[in-house]
Amino acid sequence: MAFSSCFLLVLLQIFSALLLCLAQDQSGFISLDCGSPRETSFREKTTNITYISDANFINTGVGGSIKQGYRTQFQQQTWNLRSFPQGIRNCYTLNLTIGDEYLIRANFLHGGYDDKPSTQFELYLGPNLWSTVTTTNETEASIFEMIHILTTDRLQICLVKTGNATPFISALELRKLMNTTYLTRQGSLQTFIRADVGATVNQGYRYGIDVFDRVWTPYNFGNWSQISTNQSVNINNDYQPPEIAMVTASVPTDPDAAMNISLVGVERTVQFYVFMHFAEIQELKSNDTREFNIMYNNKHIYGPFRPLNFTTSSVFTPTEVVADANGQYIFSLQRTGNSTLPPLLNAMEIYSVNLLPQQETDRKEVDAMMNIKSAYGVNKIDWEGDPCVPLDYKWSGVNCTYVDNETPKIISLDLSTSGLTGEILEFISDLTSLEVLDLSNNSLTGSVPEFLANMETLKLINLSGNELNGSIPATLLDKERRGSITLSIEGNTGLCSSTSCATTKKKKKNTVIAPVAASLVSVFLIGAGIVTFLILKRKKRTKLGLNPNSGTGTTPLHSRSHHGFEPPVIAKNRKLTYIDVVKITNNFERVLGRGGFGVVYYGVLNNEPVAVKMLTESTALGYKQFKAEVELLLRVHHKDLTCLVGYCEEGDKMSLIYEFMANGDLKEHLSGKRGPSILTWEGRLRIAAESAQGLEYLHNGCKPQIVHRDIKTTNILLNEKFQAKLADFGLSRSFPLGTETHVSTIVAGTPGYLDPEYYRTNWLTEKSDVFSFGVVLLELVTNQPVIDMKREKSHIAEWVGLMLSRGDINSIVDPKLQGDFDPNTIWKVVETAMTCLNPSSSRRPTMTQVVMDLKECLNMEMARNMGSRMTDSTNDSSIELSMNFTTELNPGAR
């Protein structure tokens, strides 16, 4: 189509006005010219973007420049580059604001800076692979974009060497977006295409025309025709596509044909989000209508839709789209029977999903390690990026925990023979899961700090071969004497215990013979102490030891785990006396609840609230359950299981001391006993997912496998943050190691939650827990009693099944939710629950499958809630593509 002079004039006026506005707002822009000298900056002449040196954001790499002859072909931010000949992983670190959404762009141009233009290396966003960067010649430029919502206040972008080629980078650009745009259920978005559809100029553009500095490329197709207008188009919605893109569009050349957009050359596992921008840019006659449906892989997903006159409407998918059975991704705009005009499309953005599955190391621990690195001047070539992940690139001398769906934490730090000077840094105390600390063979000075004694997880401290002085904290020496910690201090001639330091001070004015003699005696005593400690420790490995806290000489209930070693939390989960329990509960002053086991009291231990469960009678069954729970909780640790703080066993006085769960149990909240506040559907899904994770850990994360046997809403407790944790393990059973798929037991559990197959056969499997959890899920959806003799069907599962058979899901949903939920997630949870309740255990899902289903539902509900909070300055101009989402609770819509 010819480009009219009038339209060209409008286009040039818009373009010139934007470029001449040198003071145009660049707040939220971070533009790094990689490899340029520190403190240098410039304004790029075609975009007027100000770039600064990257030197303040990275400590490694060397600067370089492209060949002089290439500079006229490329923008100035690519004239320099930073290469990384040393190390495997090198990272940029930017301090930003958690929750902000950024467009992140990495630019690569070899430009002949060395004689090896053929390269391949990897680009990482934090601990997750972003993309593989490949160059084959000097003038091949590559750009990688990611739209990412920050989950921490530190962003790291890393280049990783994967072969012999040297990684490099030319420019790094971050553009802050509005937090209401480009929302996903999970993961981040990598740019697949950003197209100015129907563009009449074959040239891309970015900032100065696009307020967010998105890079747009022209896109036309042989069977499409371009249309344009010289009128202005309102672009003021959240996405703000550039007006230059919106004053042009494409329509099918054949007015009866559909507009098909096919994504080719894509692996069928890739998921996409699609954003389409529409505006009617033709003056329609009174009898003209432009109306069309949006199809995906021959399925109707939105419409009929009519673009607004000279006003931008943005249509997007709130959930990812996937390939069909043939691996195809085909979007189609098809005119309706009421339409006199063909469909049109002005602009389009398509992004692939990068799930970024690897969680970053705990934020506080990363800060601690960065501070330790800086303060000690640690110069280890691999101390770049995240200390723990990915595992292949973790820091030397650092070991971490790696548990699915949990943030990695540092459990071991070895800085021996690292040339450290100064005092022992208090930053170490921020490593709250640290078990082993080795600072040996350095030049550390000062005293042994008290905070080391207060780190509850520490089991081994090696301070030998330093220049430490003063007294060792008495609490640390006491922990060593009790065997809860191993302390090595050899070679620190100025160190002494508190007692020996006092003696030395008192006799300071004596003759030289006295201190020499005292030193010899001290050496002898220390040596004797070490020998004694080693002997006792050796005996401890071969014989059950006495509990130092009991004072009664009784043997602990659980002194060895099933793997043949003492559980690491024995020292923390200590045995208490009955007198201790009386003090903790202030003579059993406040009752929290009562159950079949006994009474639960409120208590305070070490200034922290606890719950104390007392066994009322020393029955054989009660003692057996008590012993089972202590033994289980001393070896099982998970964030979604209640934590045992201590226990007491003195004759018939038996108690369990737990962390205090401030918000009681799930049943109380569903029943309204906790007040008028209502658990939202998102809150219920979160509780379901967390308790499912705890149960899944018992089934699959414990060796031998553990079956809870009493899953119910009263055994799901909620802490002050409403995090759910499974409780009450008195009926739990461990499976013997081996190939057994079930054990034969006397039936135990709670009526209504009890697996009928287990009740009938006495055969217990993990699928018995799955049945009980299915009942819990139905309670979360319906808020109905498990057994109600007044109902047409007394058991909740039978009643829900009856309602579903009548196509009446509306009547089963808790009316307290007031319709504030995504009906698809209701359906999904009910379907999952009914599968869990299958009479045949072999046809029930595993808890792993249940966790996956619930997380999917939670993500969908979170995305819906984020979407409902979005504002749009053009009212109804921003429309979601509803991918099989229903608007009413109607089973027919599914």
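A Cβ is built for glycine as well, from the same backbone N, Cα and C atoms used for every other residue.
Residues or ranges marked as ATP binding site in Swiss-Prot: Leu592, Gly593, Arg594, Gly595, Gly596, Phe597, Gly598, Val599, Val600, Lys613. Per Swiss-Prot, the feature domain 'Protein kinase' maps to 586-858. Taken from Swiss-Prot, the feature phosphothreonine covers Thr577, Thr745, Thr750, and the record attributes it to similarity to another entry. The phosphoserine annotation in Swiss-Prot covers Ser744. Annotated repeat 'LRR 2' per Swiss-Prot: 459-479, in sequence order. Residues annotated as topological domain 'Extracellular' in Swiss-Prot, with a curator's inference given as evidence: 24-515. Look at Swiss-Prot and you will find 537-894 tagged as topological domain 'Cytoplasmic'.
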Secondary structure at Arg594 (ATP binding site), reduced by DSSP to three states:
strand
In the same chain, residues at least 6 away from the ends of the repeat 'LRR 2' (459-479) whose Cβ sits under 8 Å of its Cβ atoms read 416, 424, 435-450, 452-453, 485-492, 494-498, 501, 568
Secondary-structure category, per DSSP, in which Thr577 (phosphothreonine) falls
coil
Taking DSSP helix as H, G and I and strand as E and B, the repeat 'LRR 2' (459-479) has 6 helix, 6 strand, 9 coil
Highest CB neighbour count within 10 A among the binding-site residues Leu592, Val600?
Val600
The correct three-state DSSP answer for Thr750 (phosphothreonine) is coil
Under a criterion of Cβ-Cβ distance under 8 Å and sequence separation of at least 6, what residues of the same chain contact Thr750 (phosphothreonine)?
Asp710, Lys712
Near the Cβ of Gly598 (ATP binding site), how many other Cβ atoms are there if near means within 10 Å?
17
Reported as an integer number of Å, what is the Cα distance between Thr577 (phosphothreonine) and Val600 (ATP binding site)?
17
Counting every protein chain shown, other Cβ atoms within 10 Å of the Cβ of Arg594 (ATP binding site) number 10
